[in-house]
Amino acid sequence: MTMITDSLAVVLQRRDWENPGVTQLNRLAAHPPFASWRNSEEARTNRPSQQLRSLNGEWQFVWFPAPEAVPESWLECDLPDADTVVVPSNWQMHGYDAPIYTNVTYPITVNPPFVPTENPTGCYSLTFNVDESWLQEGQTRIIFDGVNSAFHLWCNGRWVGYGQDSRLLSEFDLSAFLRAGENRLAVMVLRWSDGSYLEDQDMWRMSGIFRDVSLLHKPTTQISDFHVATLFNDDFSRAVLEAEVQMYGELRDELRVTVSLWQGETQVASGTAPFGGEIIDERGGYADRVTLGLNVENPKLWSAEIPNIYRAVVELHTADGTLIEAEACDVGFREVRIENGLLLLNGKPLLIRGVNRHEHHPLHGQVMDEQTMVQDILLMKQNNFNAVRCSHYPNHPLWYTLCDRYGLYVVDEANIETHGMVPMNRLTDDPRWLPAMSERVTRMVQRDRNHPSVIIWSLGNESGHGANHDALYRWIKSVDPSRPVQYEGGGADTSATDIICPMYARVDEDQPFPAVPKWSIKKWLSLPGEMRPLILCEYAHAMGNSLGGFAKYWQAFRQYPRLQGGFVWDLVDQSLIKYDENGNPWSAYGGDFGDTPNDRQFCMNGLVFADRTPHPALTEAKHQQQFFQFRLSGRTIEVTSEYLFRHSDNELLHWTVALDGKPLASGEVPLDVAPQGKQVIELPELPRLESTGQLWLTVHVVQPNATAWSEAGHISAWQQWRLAENLSVTLPSAPHAIPQLTTSETDFCIELDNKRWQFNRQSGFLSQMWIGDKKQLLTPLRDQFTRAPLDNDIGVSEATRIDPNAWVERWKAAGHYQAEAALLQCTADTLADAVLITTVHAWQHQGKTLFISRKTYRIDGSGQMAITVDVEVASDTPHPARIGLTCQLAQVAERVNWLGLGPQENYPDRLTAACFDRWDLPLSDMYTPYVFPSENGLRCGTRELNYGPHQWRGDFQFNISRYSQQQLMETSHRHLLHAEEGTWLNIDGFHMGIGGDDSWSPSVSAEFQLSAGRYHYQLVWCQK
């Protein structure tokens, strides 16, 4: 044990937080979570242990601008100005100091290992009682599951120890410091330490005791570590549970270890042995360790599909059976290996349907409770995710237990990222930083290796490739050969990774960056000598309105066996709740707390909002990742299961044939599909169609019974096919009255019954419509070629740092946003049964023509206005965002009804999850409330739109809301938007894709760009 004087002044003088060689003082060795049961039945059933006591709750807290400002008296008693805060928490979420959001740039001046003298310091204290029985025998430990970023600990005025690495536990022996009755803890937490240079993750930088604190009482002679592993024969019909147990204390001949394996109430196997292992070298073996092997016949295998859980109970007792203590853990029988270029689980190649997940809560910062963790797991399971990467640090210990039990594959990642270093491997190639890196990797493995859900270890994130990585890779492979190791840094395919694990590599496009080229994922597989599997550690950057092109990845994953999936970036938007002057909550991002440096809204890349409300993109991910695939041939549907281990036993296939959204026939068939098997379903003959319209077949896979992660009726998969467009003859309608044209110096006015249309002869636009005496338009109907930029359109552009390659900057530079219409033609003609208005506009900027738009408006006796639009795009202008029409309608109706793709927002490169049907939603649901306002709410493939008294027909895309594109473009936060008068309608003949391979470079695939020189579309606008 390190002995340091109790004086605060001496501790401050040592400056342990600026010494990379000091990662801890007096911290106990890492191990799996302990509870020290004194009853084996309680250990088996995982009941609360009387030896494990939570210290969560209200603590006294004082904040200081630097550790030197802390008075010595604080070690002995609470300060008069102390506040009360809840532990666990981040102090920034209680109004102390400010959270800082930055992605790459360090929030402090880069001068490792030194940190600023202005180093915000939180002083926590707690008074608690200890029963004398805990002091008479045994060892009392204190466990801090997470403290950011470093801390010194005192107990009853005496210095105990020091710890850093904010994402792993720090555990200390308090036995020598405690007294019976009242005791006082004092914890001095520093915001910055040399460890901060290894924690440069893309996240909010927060501080404090943000995970659980607990006391644990262990006997003097105790279990100090145990490790379980599962071994199999070739066909997995027999297994061995291998348990290695280590003890601490007096080694007596009478000591025994019993390991029992349970499945529910049934004991499957048991074994007992004294301590002492096999001979290791010429000096012998470990006297304080023992390894037992338990044979298990026909084990029920663990997988994310069927997470069969056993329970292993480890008992330390005397030869006569007197129990000293018991520890326990969940066990999953499973094998992970790489063979022939494939990552295998239980002998079958995995397809990773993964997502990255930060520990984030909009109200509580980085504090995770069980409810939030379960909510995240249910979201993943319900949306067909089977894997999660703990980006970029070990998670709360409970997370892994929940993943074991619900069934998720976990990449457990060390708390190492040096993204802001130049070069990035400046620290990871420096032997002075090897001790700190070693602690972060080895202690993660020692804590989490008993969890079956952990199938891959990760050495960290974005830290270049250094010799320290190679050393730690070899250590893991030596200590735990049962799992692969991955690491992306240095090019994603270095000697420190068993898996090619690039981030944001594209399907077909190479990105030949210097030193670390990012090949297309297809090309990577074919590089000479390369035989590793490829799993993208990050892909499909889900920032704002994104995830375009997601289907392209999944087509490749299913086509090439060694492309074994990836992890979407990421699950949850990292916005935080702030309150305005009236106490109303709003969502904040980088810079909103006065934090500098900051990376603005780049913290919001989630498939769900911070409150876990889904983004529309989540449905696209769910659909592409679904475990059932479908093929239609005539009236035969072939259903293929992508489950590797699960026979469908809770699925019904519902099918519906509908004509323009009106069901004609339907049925349901139970699915009985073996793992990786097929089922063929024959549909009945369909009735002869008498009506015109689009005929669609839709299938849904429904779970009739609830599961651990879904309610009854959950839809797990779906597909839709367009069967035909019925073109039966429509009888001519009766003759109508002929609309009347009136021409004035300023307008063309067309009247029919109680309707009027007015075209301004100076602008050439439809300037007004009347139904009776009610005006229908607040702004004219005009061309629209722009959109409120998406995050993907903006890229890395900022007001002070323009990226000329970003779509929005190209559009701005070309004048798309500033273009004005020059009228070239505006004529009116009376036909035999209609009035025809013809207009031609040149959309210009600074004398240059960007677009020419030719439109005809044919208003006939039925009151229909048929609009035909032809647009020419200048060859030297950037591809436009959209080609369409926009206006502000006077009405605000409650609901929107349309026949087209829905119900969720969809875009040309993100619409595979949308279904063609007749949809009806509240107007408010047509707007997607992205925290950073942008273009949103598009619905593609629309044949008919009904809103208020109006109907539009054709083949178009539309969005409709109370917010104009201009307001969306000019507003920084959604809570600052105000509902405008009337309703804004955008009808597009064509709309560019949204992209999403990443959010910092143009990523819209060529096939979804508006690259043609001419465009033609048409629609009919009438009143119902």
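Cβ coordinates are placed from backbone N, Cα and C, and glycine is handled just like the others.
The shown structure was predicted, so the numbers you read here are calculated from the model rather than taken from an experiment.
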Site-mate of GLU417, HIS419 for Mg(2+) 1 in Swiss-Prot, selected among GLU370, GLU462: GLU462
Same-site residue for substrate (record: Swiss-Prot; known: ASN103, ASP202, GLU462, GLU538, TYR539, ALA540, HIS541, TRP1000; options: ASN39, ASN395, ASN605, ASN936): ASN605
Most Cβ neighbours inside 10 Å, all chains, among the binding-site residues TYR539, TRP1000: TYR539
By Cα-Cα distance, the member of recorded positions GLU462, GLU538, TYR539, TRP1000 nearest HIS358 (site 'Transition state stabilizer'): GLU538
Among GLU462, GLU538, the one of these recorded positions whose Cβ has the fewest neighbouring Cβ atoms within 10 Å: GLU462
Neighbourhood of HIS392 (site 'Transition state stabilizer') by C-beta distance under 8 A, where only residues 6 or more apart in the same chain count: GLN201, ASP202, GLU413, ASN415, ILE416, GLU417, GLY460, ASN461, GLU462
Rounded inter-Cα distance in Å - ASN103 (substrate binding site), GLU538 (active site, nucleophile): 15
Site diameter for substrate, Å, by largest Cα distance between ASN103, ASP202, GLU462, GLU538, TYR539, ALA540, HIS541, ASN605, TRP1000: 18
Coarse DSSP state, helix versus strand versus coil, of ASN103 (substrate binding site): coil
Residues that sit under 8 angstroms from HIS541 (substrate binding site) by C-beta distance, when 6+ apart in the chain: TYR504, TRP569, ASN605, ASN792, GLY996, ASP997, ASP998, SER999
Candidate with the highest Cβ count within 10 Å, taken from the recorded positions ASN103, HIS358: HIS358
Structural state of TRP1000 (substrate binding site), classified by DSSP into three states: coil
